[in-house]
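Here the structure is laid out as structure tokens; the discussion comes afterwards.
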Amino acid sequence: MDKMTLNYPQIPLRGTLAVPGDKSISHRAVMFGGIAKGRTTVSGFLPGEDCLRTIECFRLLGADISRNGTDLVIDSPGIDGWQEPADVLYTGNSGTTTRLMVGILAGSRVHSVLAGDESIARRPMKRVTGPLREMGADIRGRDGAQYTPLSILGGPLRPINYEMPVASAQVKSAILFAAMRADGTSVIREKEVSRDHTERMMRNFGMEVHSEDGSITLQGGQELVPVHVDVPGDISSAAFFLAAAALVPDSEVVLENVGLNPTRTGMIDVLEAMGAEFTVDMSDADDSELRGTVTIRSSSLKATEIGGDLIPRLIDEIPVIALLATQAEGTTVIRDAEELRVKETDRIAAVAEELGKLGADITPTEDGMIINGPTKLSGASLDSRGDHRIGMMAAVAALVTDSPVELKGPGCIAISYPEFFGHLDSLRGE
Ligand code: S3P
């Protein structure tokens, strides 16, 4: 579908929803299952386009992966038994697939080529290929391995002692995957802690990994033991309905089984700072990934300031947080978020320009934005720019505009949330 009219006369959002599986954890479940020898099973998997790309990569490497809805069975010969892929490993729009696969493939025994869509071709890869080459990885690519396509000849790796220049879980994870195969002990230091799903999953698969004060220590050569992974719901997907319920008068929405890993809950902190009315009930299930139920009601919101070590904990939620800020009393300032410039799109420009078309008062800055609220929003023609989170931000914005919004390119929403519009309709009682 090329264009869609979002005509949402204001009616309260009510009901209970289980948001789809966490994208980051779904990717990693397939990756660990593909690296480990034997059978890994997964429940709650996100069948979004990005995660399906990761499955395809591992099939080409020789893993037998069957999927029944959100359940996976992965039978893998293990990384040392992989076959050389007969085709390019195509990563589509997925930065996580691309960057993490480079780290995994660098320490394998096969030659492979990674390439994605035109957005991936613009995204910086030096941040992973640089440290991996320091570990002895044989990686070639466009412009000195700064961009895809990348060609990776797997082989022996040295351990690394690495200080991360950017807070990025993708970079950290790529190095950790390579460090698993290195001959010795690697240490990675983060100035600001990014999502730690890789470290947690390493422990689930029987590895020892030590994290303390932003420092992660990993001994290479450890055996992986396949297990069952139960993926919690994605807080980054829940964020759109948390925002929608807070914004639309008389709403009350219950979101179940939401992943509440503390490295991901920056949105909850922001909702609290903005004065949103919500409760969080943590599940007492024994799981390395915390989860729980979040209940939220429509709220009158006030502006807030967002920066520093909060940024990696809500980096993907900033588009919808910016929308919330357009309806909050006062001036919201978002800083230290320059990473948004190199996401699926330049999300600082995309948010300011697209919400600006509706009448929002947003001034983009180098590393964030300044948002004055509240402003009345009126219908206009918006463009997702092929970015799923910009598409969903536009759809939530349409719930509070006084006339319909036209959305160009809504199809990209299937990258992380194929059932998004169905879930929205169900909360609207449609
Ligand atoms: C992700 C890390 C983040 C995030 C992305 C998923 C991951 O990217 O924006 O959606 O699964 O590791 P960076 O590591 O580039 O910050």
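Here the Cβ of each residue, glycine as well, is placed from N, Cα and C on the backbone.
Annotations in TrEMBL come from automatic prediction, not curation.
For 12-424, the entry in TrEMBL reads domain 'Enolpyruvate transferase'.
DSSP assigns K343 (3-phosphoshikimate binding site) to coil in the three-state reduction, placing it in neither a helix nor a strand. For K23, S24, R28, S168, Q170, D316, K343, the entry in TrEMBL reads 3-phosphoshikimate binding site.
For the recorded site, R123 (phosphoenolpyruvate binding site), the DSSP three-state label reads coil. As annotated by TrEMBL, phosphoenolpyruvate binding site applies to K23, G95, R123, Q170, R347, R389.
Following the DSSP three-state reduction, the secondary structure of D316 (3-phosphoshikimate binding site) is helix. Long-range C-beta contacts of D316 (3-phosphoshikimate binding site), restricted to its own chain and to partners at least six residues apart, with a cutoff below 8 Å, comprise S236, A239, R389. As annotated by TrEMBL, active site, proton acceptor applies to D316.
Mapped onto three states, the DSSP output places Q170 (3-phosphoshikimate binding site) in helix. For the binding-site residues K23, S168, Q170, K343, a Cα to Cα distance of within 10 angstroms from G95 (phosphoenolpyruvate binding site) holds for Q170, K343.
The 10 Å shell around the Cβ of K23 (3-phosphoshikimate binding site) contains 24 further Cβ atoms across the protein chains shown. Ranked by Cβ neighbours within 10 A across all protein chains shown, the binding-site residues R123, R389 are led by R389. Checking the binding-site residues R28, Q170, R347, R389 against ligand 1 with a 6 Å cutoff on the Cβ atom leaves Q170, in sequence order.
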